[in-house]
Amino acid sequence: MSNARRTPAPPDPRGAGRLARIFGQIALGGVLVTAGIGHLTSQREEFQAQVPSWVPLDADFVVLASGVVEIGLGASLLAAWRQPSRALVGATVAAFFVAVFPGNIAQLVERKDGFGLDTDAKRAVRLVFQPLLVAWAIGATNALGEWRRRRC
């Protein structure tokens, strides 16, 4: 028998990425459920301030409906662990974030205060975070990777 020392194998990068995606998916699901509950309860007025003036619906209805959607999307993220449903949920969450982005732009243009965004600078910085939310939804669920895999 040899007394040669064995070099430990390097960690599997897919394993670390998988753990990051799992954590990201759980965290985003929790964020959405929490935000959705806020739409329906204590933060309702703050969310109403973010509804653009050009939306032809009652602001309270928009806030309540989007809250229910956010709870549903968050719960779906917490429940979907097998592909392709996991990727489909991630893509749907990303599409939701894109769909509400005009509201964030309107908050800046219409100079509406809400959630401490009481200056144009703060409202402008907020816009940067929406694409990050889209990326989070896609990355945490491996939606792009699953789409590429199924396309080939």
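Note that Cβ sites are derived from N, Cα and C of the backbone, with glycine treated the same way.
Positions annotated as transmembrane segment by TrEMBL: 20-41, 61-81, 88-107, 127-145.
Beyond its flanks by at least six residues, the transmembrane segment (88-107) meets 25, 28, 32, 49-55, 66, 69-70, 73, 76-77, 80, 114, 117, 123, 126-127, 130, 133-134, 137-138, 140-143, 147 of its own chain at Cβ-Cβ distances under 8 Å. Sequence-distant contacts of the transmembrane segment (61-81) (same chain, six or more residues past either end, CB-CB distance under 8 Å): 25-26, 28-40, 44, 47-48, 51, 55, 88-90, 92-93, 96, 100, 140-141.
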